[in-house]
Amino acid sequence: MSEQTSSKVDFSKYFQPPSLKDARRRRRQAVQIINDFSIPEDMAAIGRGKQYLIETYGCQMNEHDTEVMAGILEKMGYHETDDPKLADVILINTCAIRENAENKVFGHIGTLKTLKLEKPGLILGVCGCMAQEEVVVNKILAKHPQVDLIFGTHNIHRLPQLLKEALFSKEMVVEVWSKEGDIVENLPQSRRGHFQAWVNIMYGCDKFCTYCIVPYTRGKERSRHPQEIIQEVRELARQGYKEITLLGQNVNAYGKDLPDLQNYGLGNLMDEIRRIGIPRVRFTTSHPKDFDDHLIEVLAKGGNLCEHIHLPVQSGSSDVLKIMGRGYTRERYLELFHKIKDAVPNASFTTDIIVGFPNETDEQFEETLSLVRECEFDGGFTFIYSPRAGTPAARMKDNVPMEVKKVRLQRLNKLMDEFSAKSNAKYQDQTVEVLVEGESRKNPEVLSGHTRTNKVVNFRGPKSLIGELVNVKITNAKMWSLNGEWQEETQGVR
Ligand code: SF4
């Protein structure tokens, strides 16, 4: 099958569907850096007087892709709207990580059918990780003719050309490349935040955990050159951004694929970024296997590097970890955890855990609980295993009934909540530095933000504090958040 597939409907005859099998291949070809993005002349003003809306599902990577697509559309003259009825272009940026995320997207595509009937000129596009899956593309082709455009994660920079095709074609336009992926620099971005920003440091993943679809939908691990990243961070600092998050599916593998830099990893990059005058630097997502000592040494230097480590463990059982293909044991994870904790004593730790992996025994689940007891995580994301078609785990027979999985999840969540409450209690009567992000979701009279350790803090204060780093004294430490009082005059502790 060719790497590139671009065509109109008549699925079998005119274009090759995306292929997870092709996407799995790692040919070790050099990564191409594409630096010549431009909008074709005939599309440069096509959006003048028109509006767009992008709906985003899933992780930070998707949120940042949305910023890039918004940037491209704005360069073409479109303006953003949050009202689907006013939109001339609606893009649904999808997530494939769990079945219920996919179901939600299909439900939503269905509801847009009426809108498309009312407004036939509307361009409705589906992109993101789901678009990389053959089953999804097939389903859209068969059941959702209201969709005008499907494009994959490797095709974002082709949005102007694809939009042009969709605007002038009567049939569905599909372009999904099942390939390892390139790096496209200099794409426009319309950042959603004015004081917090995402910065991609690498793309893709080569870990192939047996349950995960990401290496298929996002391609191979490929790192941006440090110079490009540092330049971007310097520019954000110049613009007054207060916090950046370095993004990648497996940031700890950063640099391994850079041919001209030997032994340059995430630790080296963060050591350079540490010297840039931006108050807070975070990174996500970590993989324990690649988390090295140099990064720990750099994190221990503190400064603008925030004391929050998201370290997904997935299971506390070495046997389950082996079947998951995680590349570390329970013992190795714990050793790493304690090493980081010793080096950065104030750090908070969060994690991801999957329960009910195929054939997980009671004993193996108990090992997960005992690991949680040992680590006393500040928080985390817990899930019941969700099979993803095309992954090795989806082919495994599973003897664990759903009822058992649900009970395990409840027990795990109860334990995680206890430790969340315990760690939050340590903040009682402390004064902490908070980056004020906006009004609280529950009460617009209350402001909300995060500590450096990623704790949510709610407090009352003037709206002018939004976007500022302020000091807040914690007066009520709750299970998942902290309430406090704004300290106008005092210095915060971290
Ligand atoms: S490290 Fe594993 S879980 Fe994370 S994106 Fe890669 S394959 Fe998926």
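Note that Cβ sites are derived from N, Cα and C of the backbone, with glycine treated the same way.
Automatic, uncurated: that is what TrEMBL annotation is.
Cross-referencing CYS127, CYS129 against the [4Fe-4S] cluster 1 binding annotation in TrEMBL, which names CYS59, CYS95, picks out CYS129. Listed in sequence order, the residues of the same chain lying 6 or more apart from CYS95 ([4Fe-4S] cluster 1 binding site) and placing their CB within less than 8 Å of its CB are TYR57, GLY58, CYS59, ASN62, ALA101, GLU102, VAL105, GLY128, CYS129, MET130. A Cβ distance below 6 Å to any atom of ligand 1 is met, among the binding-site residues CYS129, CYS205, CYS212, by CYS205, CYS212. Each of LYS207, PHE208, TYR211, ILE213, VAL214, PRO215, GLN249, ASN250 belongs to the same chain as CYS205, CYS209, CYS212, is absent from that list, and has a C-beta within 8 angstroms of the C-beta centroid marking the [4Fe-4S] cluster 2 site. Long-range neighbours of CYS205 ([4Fe-4S] cluster 2 binding site) (same chain, six or more residues apart, CB within less than 8 Å of its CB): CYS212, VAL214, PRO215, ARG218, LYS220, GLU221, GLN249, ASN250, ALA253. Comparing local CB density within 10 A for the binding-site residues CYS59, CYS129, CYS209, CYS212, the maximum falls on CYS129. The DSSP breakdown of the domain 'TRAM' (425-488), given as helix, strand and coil counts, is 4 helix, 32 strand, 28 coil.
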